[in-house]
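Report on the structure given below.
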Amino acid sequence: MFLSESSDSGAMTFSDSDSKPSRMEIAENNYPSHRTISTENIFDEQQSLSESYRSQDFEHIFTSKKMNPKCFDVLKDIVMLERTALFDLKILTEDFYQIIPEKALSCGRALIDLFVNLKSLQRFHDDHLSTLEIIVKNWADGLRSVSAERPRVGDLLLYSVRNALQYYRKFVQNSPIYLAAIDELTRVNSTFANSLIELQMRNFYSCNINFLMLKVIHRMVVWQSLLGRMVAALLEESSEAKIASQLSSCRVAMEEVASFNAEKKSTLEGLVHFTKFVELGNDLNIVDGLTDPNRRFIRQGWLCKWTKRGFIPHAVILFNDALLFAYRSQTDGFIRNAFLPLRTMTVEEGDTLHVVIDPTVCLTIQAVSRTFLLSGDCTRVRDLWLEELTNAIRSAKQSKIEELPQTETFGIKATATTLYSTLDVCWYRHATLGINAIIAAPANQMSGYLLRKFRNSAGWQIFWVVHANFALTFFRSHQEREPVAVLPIINYHISLPQLNDKISCDNVFKVSYNTHCYFFRTDSLYAFSKWYECIHESTINSSPLDLIAGSPSK
């Protein structure tokens, strides 16, 4: 029996066709920010779980009822994320490298240095992963016996951290140069720009090249979180004197990584802002003028603006100096139609035009001698915009003129070259996304095997799943390069299954959007908690009650 689901807004689809992955179609009535992949059925519903599982390691996954030490679960988590880190680096050093013009490599040092350093990182992570996989496999085998010998996890991680920092200090320090060189090459070389679009349209991932770069740059932030989890796991066994030295080594490793991340925090945030402006430039078909040393992104999202024809949907983007409106054309993507400076703007709650029946979701802006009435989907979204607009206007009015961006005119691209982005997702999901979520996104990563429940039966299907950039990407296994589906999860809701869902398994969570509902099962309580945390952060608009209620909160 084949798995098949509708492919309208918010859904992912699998079918039994043996065709190649299809390119995403962009249309108002066919949500573009997921990819509908046609492929053969990955696992037959009638297969037993043990028969359908084909990974070479962790053969006890999902089947063992024995509680493993939490340290083992954390180390396995590290292995899963290292697999994805290596996957990302291979895309950059192999696929991305192939489209770089030889002339660009010969004319300047920046791109040459970039790929030399990426290759060094790839070799390091390859060796690191190989070592970890052997340790985890041996530990897993030992856990099945009576006398399991615990590996010296702390010493291993401390050794790895000190080696990794040698590479990442140089890479993060030079990353502003690398990203600027890629952006410059995209601007001046149309052949490269087109090749880059084609590369990013391949079904490797839900991420563009800039976001893959950000993931690499934020690798030590991910490690800090993992080391913190390992320390917490070891502390749960603090009564055992034999792990005291390993706990000490883990703490030292975490402190060294935390010190590095604190030192580089402003650089990392600056790079997120830079790549966000590059993405917005592509979204809005703007060649230059959007990026300014003093301009900062604050929020983007979907709002309705009142016109003579009634409320018309707009993409709205808030900067520290201006508010930008854009409408969406069916042929040319987003088109900017207003850029309002904040210094002369006022904002208030409600409808001062007195044209709507329910003003509770509205806010009114006075700017450039005009009145703009905006409406969101709910009061929570209205309150978010009202608060951040109020703060941004106050800050802009208190700033000196020379401290604000001086650019308010933009060069326009001849044709739209936008791939789907978070702005597309916000548009079709009627969502909003703030800078704090965007800054956190490169480090909010998760990888691992999940069981996904069949829609109309009690069967489960196993996938290697990568969570990054507000999306879940599904592969047959961690060795596959081609995904079978990509599911953006902005505005999804995550919860526990309810009684009427008739799910009897442990460690199952539910993600839902409108009528679309998916159930995923993890192999441990640790993995369940980690997946829930990562997905909840990416859904952005989830209510704190989602875990209990399983439904949106307006």
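Every residue, even glycine, has its Cβ placed from backbone N, Cα and C.
What TrEMBL says about this one:
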COMPBIAS  1-16  compositional bias 'Polar residues'
DOMAIN    70-284  domain 'DH'
DOMAIN    296-394  domain 'PH'
DOMAIN    443-540  domain 'PH'
REGION    1-24  region 'Disordered'
Can you work out the mean pLDDT of the predicted model over the domain 'PH' (296-394)?
92
Just give the helix, strand and coil counts over the domain 'PH' (443-540), going by DSSP.
19 helix, 41 strand, 38 coil
For the domain 'PH' (296-394), what does DSSP give as the number of helix, strand and coil residues?
19 helix, 54 strand, 26 coil
